[in-house]
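Some features that Swiss-Prot has for this protein:
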- S14, R15, S16, T61, N86, D101, Y220: shikimate binding site (BINDING)
- K65: active site, proton acceptor (ACT_SITE)
- G126, A127, G128, G129, A130, N150, R151, T152, V153, A154, R155, M218, G241: NADP(+) binding site (BINDING)
Amino acid sequence: MDRYAVAGYPVKHSRSPAIHSQFAAQTGEPLVYEKLEVLPGTFVASVQAFQAAGGRGCNVTVPYKLEAFEAAARRTPRAEMAQAINTLRFDADGWTGDNTDGAGLVRDIEVNGGVSLRGRRVLLIGAGGAASGALAPLIEAGPAELVMCNRTVARAQQSVQRHAELARARGVALSAATLDDCGSGFDVIINATSSSLAGMPSPVGAQVLRPGSLVLDMMYGPAAKPFLAWAQSHGATARDGLGMLIEQAAEAFFFWRGVRPATDGVMAGIRAELDAA
């Protein structure tokens, strides 16, 4: 059996093993998926040891996505854009890294949420690793406008500058803004900050919404409730990040195995667990 794992610190509560085990059972792929708790300062050595023990690849979660980016021998174009890696494949001539977060987000919005991003006005809140990883796939989806807003606008500007050429090629009006001055009336609003963990209803004002806006928090379950409750109180349609989590996992599975698993049943099962908790 081929071995895969999620590498991070901590990974105790990760749902990745449950998700990938279901993907393996569904597709008939012969693999096992584990948790790899990596102590600070030991990322490369820990992953190398896992590879030496039969590992074929791993997902990478906080706080090691930048270290994975630096350690990879090759990177996919979307990983280069994100400047972060969440999926490593152990090839004979070195590690190949990908970033599946943004692709998972776009697929969740468009396929599971039923909302096409083409021609829409999109607001992305935050400029950390999660937001930066989402930027290129969001641009590729063809919105008319994409605004990245952040508490410190300089960080958002760095990501915007890195993606400026792609945005021009796709005809997307891409810009950076502060949380207090990010515009109004967006069709899709994505929260890539941890504001909900602090119990904050929203890092931006209600002017960003319009009737029927789709609002998504990258957090899922109880962690997303403050932001989503705020959105619903203003008439928006709200989604948490569970779909994104499962869709990015499916992208990683495909990157490793060349087989794309179905996500509906996995999503329904985990949603039922969350609702029952």
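Yeah, the Cβs are placed from backbone N, Cα and C, and that goes for glycine too.
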Take the mean position of the Cβ atoms of S14, R15, S16, T61, N86, D101, Y220, the recorded shikimate site. Which other residues of that chain put their Cβ within 8 Å of it?
V6, N59, L245, Q248, A249
Widest Cα span across the shikimate binders S14, R15, S16, T61, N86, D101, Y220, in Å?
18
Cβ-Cβ neighbours of G126 (NADP(+) binding site) (radius 10 Å):
25
Look at each of the recorded positions, R15, K65, R151, R155, and point out the one with the fewest other Cβ atoms around it within 10 Å.
R151
A130, V153: which of these binding-site residues has the highest Cβ count within 10 Å of its own Cβ?
A130
Which one is closest to R15 (shikimate binding site) in space, judged by CA to CA distance, out of the binding-site residues G128, A130, R151, G241?
G241
List nothing but the one residue from T61, N86 whose Cβ has the fewest other Cβ atoms within 10 Å; the candidates are the binding-site residues.
T61
